[in-house]
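Read the structure below first, then the notes.
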Amino acid sequence: MAEIFESVDKNKDGKILWDEFAEAIRVFSPQITSEEIDKMFIVLDVDGDGQIDDVEFASCLMVNGGGEKDTEEEVVMKEAFDLYDMDGDGKISASEIHVVLKRLGEKHTMEDCVVMVQTVDKDSDGFVNFEEFKIMMNSNKESH
């Protein structure tokens, strides 16, 4: 999670400004509108100061354990899942993770990505489904 934050925080000031956020989102969704980016940014900018700090970034990508459906956090997590699920089949492969991390400037090997999948792949199908993705994001948060 920290690596993703740092890759979006281009000027390395510890805050993600709207322009930095928009640039990162457009890498994956070139046709997204500014209005859609605004909605996502507002969800992440919890304190409303016009910038996203690392705590806001991490906390908003985590789903609260209360089981509420369609919370804003759940929606943001689903949008993040959809970015990784490049072929739209409802599951994420190690190669999809590798491509996304590479686009974000991360230096993970394919083997690293296979291990990421294996770590959370509870049903042993070789892919990460949405529930497993949430576990993966939570474990990333705890390890940073």
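Heads up, the Cβ atoms here are built off N, Cα and C, so glycines get one too.
Mean model confidence of the domain 'EF-hand 1' (1-31) amounts to 85 (pLDDT, 0 to 100 scale). The annotation domain 'EF-hand 1' is assigned in Swiss-Prot to 1-31.
For 32-67, the entry in Swiss-Prot reads domain 'EF-hand 2', with the evidence type sequence analysis.
Long-range Cβ proximity for GLN51 (Ca(2+) 1 binding site), meaning a same-chain Cβ under 8 A and a gap of 6 or more residues, is found for LYS15, ILE16, LEU17, TRP18, ASP45. According to Swiss-Prot, the Ca(2+) 1 binding site annotation covers ASP45, ASP47, ASP49, GLN51, GLU56.
Secondary structure of the domain 'EF-hand 3' (72-107) per DSSP (helix as H, G, I; strand as E, B; remaining residues coil): 23 helix, 1 strand, 12 coil. Per Swiss-Prot, the feature domain 'EF-hand 3' maps to 72-107.
Neighbour density for ASP85 (Ca(2+) 2 binding site): within 10 A of its CB lie 21 other CB atoms from the protein chains shown. Annotated Ca(2+) 2 binding site per Swiss-Prot: ASP85, ASP87, ASP89, LYS91, GLU96, in sequence order, evidence recorded as sequence analysis.
Per Swiss-Prot, domain 'EF-hand 4' is recorded for 108-143, and the stated evidence type is sequence analysis. Long-range Cβ contacts of the domain 'EF-hand 4' (108-143) within its own chain (Cβ-Cβ under 8 Å, at least 6 residues beyond either end) map to 1, 58, 61-63, 77-78, 80-81, 84, 90-95, 97-98, 101-102.
Annotated Ca(2+) 3 binding site per Swiss-Prot: ASP121, ASP123, ASP125, GLU132, in sequence order, evidence recorded as sequence analysis. DSSP gives ASP125 (Ca(2+) 3 binding site) a coil state; it is part of no helix or strand. For ASP125 (Ca(2+) 3 binding site), the same-chain residues 6+ apart in sequence whose C-beta sits under 8 angstroms from its C-beta are LYS91.
In this structure the C-alpha atoms belonging to ASP85 (Ca(2+) 2 binding site) and ASP49 (Ca(2+) 1 binding site) are separated by 31 Å. Ranking the binding-site residues ASP47, ASP49, GLU132 by the distance of their Cα atoms from the Cα of ASP87 (Ca(2+) 2 binding site) places GLU132 first.
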